[in-house]
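Notes follow the structure.
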Amino acid sequence: MRVLVLGAGALGGYFGGRLAEAGTAEVAFLVRQARQAVLERDGLVIESPFGAWRGPVATIGAERVGPGWDVILLSCKAYDLDDAIAAIRPAVDGRTAILPVLNGLSHIERLGEAFGVDRVLGGLAKIQATLAPDGMVRQLNDWRWITFGETGGGLSDRVRAIEAAFAPARGVVAQAVPDIMARMWEKLVHLGTSAIGTVLMRANVGEIVRGGGSAFLHRLLERNAAIAAAHGFPMREAFMAEYRTLFADPASAYATSMLRDIEAGGRIEADHILGFLLAALRRAGLPEEVHEAALLHAHAYEQRRAADRLPRG
Ligand SMILES: NC(=O)C1=CN([C@@H]2O[C@H](COP(=O)(O)OP(=O)(O)OC[C@H]3O[C@@H](n4cnc5c(N)ncnc54)[C@H](OP(=O)(O)O)[C@@H]3O)[C@@H](O)[C@H]2O)C=CC1
Ligand SMILES: CC(C)(CO)C(=O)C(=O)O
């Protein structure tokens, strides 16, 4: 199997690197110049509770990319989606499946418009990882799931083949599922709760819970579940029970990538995640004050960042 990974940031670097380490696929990274220089100099470096890895990896610049890939693992941030679509266009042919691991949902439609719905899989990752300033990909805890499937439902040979390629990879649980769109809504309910909570409070889940915020997080979880249900995706009771427990844990160090990006003064996926959720909530006719505050908070951060007025660390 030939796998092209767009981006060697936190997720592309982690899952692509683990696949390269396993040796079950021919893996190359489609990267921009600065990242390419680091990868060519240092190799790809992963630090993880499941074991560190440093390996030489194949890199390709957008100007050299051509067809012949079975899978394109798309791991950019949502604000880079248009550039990423342009970069992978020459790589996509009749055999290619595009597997995006972006948070949110609206990129699926955008990719379908760009490449045809048959080329596009649904996908999500449950992991906490970051690309450190020194270029190392750091996995922050034991979350290690990548889940994917056909957007129209069912299990195809191609998603089973991707699952098989990942099977020997350490520090990864790869699952092909027959209901990926429901899983992506689940992920949005999870992320919508943790991102709104951690970004509004500028704290991790344990700090919010110790500050008395467990009931707040639970109300948010219920509200996000109601949004998903109104769009035809009711949450499973087992899912709700798992996340009620998570959002009541006073010892939890769980923080979201959006909070990490804000703390680093970086760009965030405000409209793609919080904007999408607020629009979905409005369509469902549900009370909006917390979701509106979260999006406004994120937009105000973006304005402050653009004006170069973020606090200096
Ligand atoms: N980090 C996490 O723990 C989790 C993240 N997610 C989601 O996964 C997605 C990816 O996040 P994450 O991995 O953290 O993001 P990162 O910013 O760490 O990595 C994204 C990478 O994509 C690269 N990229 C963007 N556009 C292009 C392009 N046109 N050509 C080549 N490379 C490109 C960037 O390269 P460059 O360095 O050149 O800018 C960057 O290194 C997001 O939607 C996020 O919400 C989901 C679960 C957990
Ligand atoms: C919800 C979480 C932590 C799960 O992977 C995530 O997607 C993120 O931080 O962006």
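Even glycines carry a Cβ here, placed using N, Cα and C.
Caution: TrEMBL annotation is automatic and unverified by curators.
TrEMBL lists 3-151 with the feature domain 'Ketopantoate reductase N-terminal'. Counting residues of the domain 'Ketopantoate reductase N-terminal' (3-151) by DSSP class, helix then strand then coil, yields 53 helix, 53 strand, 43 coil.
As annotated by TrEMBL, domain 'Ketopantoate reductase C-terminal' applies to 179-301.
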Could you count the residues of the domain 'Ketopantoate reductase C-terminal' (179-301) that DSSP puts in helix, in strand and in coil?
90 helix, 0 strand, 33 coil
